[in-house]
Amino acid sequence: MENNTEVSEFILLGLTNAPELQVPLFIMFTLIYLITLTGNLGMIILILLDSHLHTPMYFFLSNLSLAGIGYSSAVTPKVLTGLLIEDKAISYSACAAQMFFCAVFATVENYLLSSMAYDRYAAVCNPLHYTTTMTTRVCACLAIGCYVIGFLNASIQIGDTFRLSFCMSNVIHHFFCDKPAVITLTCSEKHISELILVLISSFNVFFALLVTLISYLFILITILKRHTGKGYQKPLSTCGSHLIAIFLFYITVIIMYIRPSSSHSMDTDKIASVFYTMIIPMLSPIVYTLRNKDVKNAFMKVVEKAKYSLDSVF
């Protein structure tokens, strides 16, 4: 499809224009990004190294960590560059690439969360058939499906956005190339693009959320039938971390994308975007390890092995 754009680059306004906030924000977001990389890479490595964590739940969790690294890395380095040297320009192709990878990994996380909900349903509601239900092939198909849908969704969104002509302002009132902020700059008819954004985002979010809610409804029914008092707290606690992650992710995504353009506020969008592109990827490994004895035990084993290796060297 022909692209009639006359814009070769965009200008990202960033989070703030106040000079006194540039350095504090740079330090804060650098720490957040380092914690995100360390936590998520650590989670992936831990799952790979410990055979006790080679289960469907941790397989999906490792992919969730990968998705968190993906969309955090698509956004944060450019934000840090803008804060440090005030380089707010982003090329046309870099803007498209940033939007593409954000859409890919956000969609992947969306469907991974529903896959994890189905996994918890199989573990709690059909424990005797769990190993035959969540086979390696099933897990691989679910994970591959998440990535395929992610790339398909991103391709549609990018193709729809960058077919438009940008012949007016090139100043994006955001800190990254997010579709709602970019399409406001077009001099083409944008109602179709806005409709595509809302419809596809709504389908992705609510379909995955429906699978998640149905899974947890059956989990709740099963727990209430089989356990009373303290008995049902243990199986329910295995789902607690997942429910927290679901709540944090979907609240911000719904605020960002499943609203008509007339109700968008750039300041609200920036706050929500900081939360889901930087804060949630940082919190994810913390949320999943706080009450998880398996991960804690695996971590202690790695620490003990590292200490033993150091002692043997010195």
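Using the three backbone atoms N, Cα and C, a Cβ is placed for every residue, glycine included.
Keep in mind that this is a model prediction, so the values were computed, not measured.
Membrane topology taken from Swiss-Prot puts G14 and I258 on a shared side. Long-range C-beta contacts of C95 (disulfide bond), restricted to its own chain and to partners at least six residues apart, with a cutoff below 8 Å, comprise E9, F10, I172, C177, V182. Confidence for the topological domain 'Extracellular' (1-23), expressed as mean pLDDT, is 76. Counting residue by residue with DSSP, the topological domain 'Extracellular' (74-97) contains 18 helix, 3 strand, 3 coil. In this chain, the transmembrane segment (98-118) lies in contact with the transmembrane segment (195-215); the count of Cβ pairs under 8 Å, excluding pairs fewer than 6 apart in sequence, is at least 3.
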